[in-house]
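*Asks:* Okay, these came from TrEMBL:
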BINDING   41, 71, 73  Mg(2+) binding site
BINDING   42, 71, 148, 323  thiamine diphosphate binding site
SITE      148  site 'Important for catalytic activity'
BINDING   148, 242, 269, 347, 355, 359, 406  substrate binding site
DOMAIN    239-411  domain 'Transketolase-like pyrimidine-binding'
ACT_SITE  296  active site, proton donor
């Protein structure tokens, strides 16, 4: 989708700058590459592009080179109908170096010179504005919106061939063209052999750094990394899961060399600061706290780029759960492109209190559960929070969204990291023969049978699912501080779902739970109705 590509490129360039700062040595620059991107007028209009490019300028990503295809055409026509700003001046204001290639159709030497100039600028990303004619060569459709989203058609294809003096049959690649491009195969092999030899020398001199870099390049987690995850007992003090999340983040960064991330101007509220590291900035790119500012959409898209740079880079990003609305397109691209970004989403319900309905998520759990290839996790306490992070770290091709509370929650007997890995499990059972009178099901702060992740639970065997939710028991009550949408799949036609199907309100958490009927008394009443 428009704007996502340039934002991903910012993430790729960030990853290069970070790894180069950590691993390069005066006698061996083992990480040294450029990131190139192409964007068009539509990308320039999208807000996510400006969010990401603002950060690229702030971070001084000098090895990011973006080509702006300036052809003045979008689907509805000439861009003069809606897009007349001075893009060059805007990018200069964002801290970019800007070059204009006026003949993008045939000015190959100009383009080469622009790339050379861009590489000479070390402290700023470069935008190369390349003015082109859309549909160049088409005698009747060039420079028009009709060539933007539609095929030329057989008649115009034939006319274009004649206009360009192209005598070859469709799909024929002339030998001189093939030879020109095929030389890159041998060049690429030589470059790779040269780099491998360079890395072999690096490994001899810098064994520890080489071992870490290998883990990042391969995505292989360090042996025993999961032992760093904290564990809790019912005697451990009650705490908000956002605070328990911070304990996990700071434990994981000690054992995972590619772990880094940050928040959209909410680090002190999301509790996402890595305490042993400073801020990734223009002059301190080796640090691991990423400061995204109030740019949720750009944040998510940048993290997708980081995740795609190397399998062992594990980015996380954070904001209030309700503001997944601002970054939903980036989350969807995580799922679609199999980028295992970890979305740390705090203030997960009306329990956040006085900020009121604008900040209280209602439909968000249901809507994100509906998205393919996403793990939506809502842990109840410390052990479940640790379990959520274990799931997130292990699944590098699936993004995880971890919804965390602002209010304190007790450490429950019966919760476990292993249970979370199954998505649903029994916390308490006073029945016999797997034949209870009623099953009480919940997530997060409203927990009985834990259904912490529907997606993980769906992946379990039929036998396991039957052991947790026996099909012979139709008396089921679910409780969750969010929309009841989707719970009918769990409780069935004879069960009852307790939740919130309207917007929230501004009041202390305890009063809100009482006013909206999210109480033990409501669960008991529902259970009695069904039994």
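Note that Cβ sites are derived from N, Cα and C of the backbone, with glycine treated the same way.
Nobody curates TrEMBL annotations by hand; they come from automatic prediction.
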*Asks:* Write out, in the order they occur in the sequence, the residues of the chain not among 41, 71, 73 that have a C-beta within 8 Å of the mean position of the C-beta atoms of the recorded Mg(2+) site.
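*Replies:* Near the Mg(2+) site, the remaining chain residues are 40, 69, 70, 72, 74, 79, 134, 148.
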*Asks:* Could you give the mean pLDDT over the domain 'Transketolase-like pyrimidine-binding' (239-411), rounded to a whole number?
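*Replies:* Its mean pLDDT is 98.
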*Asks:* Could you tell me the C-alpha distance between residue 42 (thiamine diphosphate binding site) and residue 296 (active site, proton donor) in angstrom, no decimals?
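*Replies:* If we compare the Cα positions of residue 42 (thiamine diphosphate binding site) and residue 296 (active site, proton donor), the gap is 20 Å.
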*Asks:* Can you tell me the CA-to-CA distance separating residue 296 (active site, proton donor) and residue 323 (thiamine diphosphate binding site), as a whole number of Å?
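*Replies:* Cα of residue 296 (active site, proton donor) to Cα of residue 323 (thiamine diphosphate binding site) measures 7 Å after rounding.
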*Asks:* Of 269, 347, which of the binding-site residues has the most Cβ neighbours inside 10 Å?
*Replies:* 347
*Asks:* Fewest other CB within 10 angstroms, which one of the binding-site residues 148, 242, 406?
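*Replies:* 148, out of the binding-site residues 148, 242, 406, has the fewest neighbouring Cβ atoms within 10 Å.
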*Asks:* Roughly how many Å separate the Cα of residue 148 (thiamine diphosphate binding site) from that of residue 355 (substrate binding site), to the nearest whole number?
*Replies:* 45
*Asks:* Give the distance between the Cα atoms of residue 359 (substrate binding site) and residue 323 (thiamine diphosphate binding site), rounded to the nearest whole Å.
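*Replies:* One finds 8 Å between the Cα atoms of these residues.
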*Asks:* I need the CA-to-CA distance for residue 242 (substrate binding site) versus residue 323 (thiamine diphosphate binding site), whole Å please.
*Replies:* 16
*Asks:* Could you state the CA-to-CA distance between residue 347 (substrate binding site) and residue 71 (Mg(2+) binding site) to the nearest Å?
*Replies:* 44
*Asks:* What whole-number value in Å do you get for the largest C-alpha pair distance within 42, 71, 148, 323, the residues recorded as binding thiamine diphosphate?
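*Replies:* The two farthest binding residues have Cα atoms 34 Å apart.
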*Asks:* What count of other C-beta atoms do you get within 10 angstroms of the C-beta of residue 42 (thiamine diphosphate binding site), across all chains shown?
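*Replies:* So the number of other Cβ atoms within 10 Å of residue 42 (thiamine diphosphate binding site) is 18.
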*Asks:* How big is the Cα-to-Cα gap, in Å, between residue 41 (Mg(2+) binding site) and residue 323 (thiamine diphosphate binding site)?
*Replies:* 27
*Asks:* Given the recorded positions 41, 296, 355, which one's Cβ is surrounded by the fewest other Cβ atoms within 10 Å?
*Replies:* 355
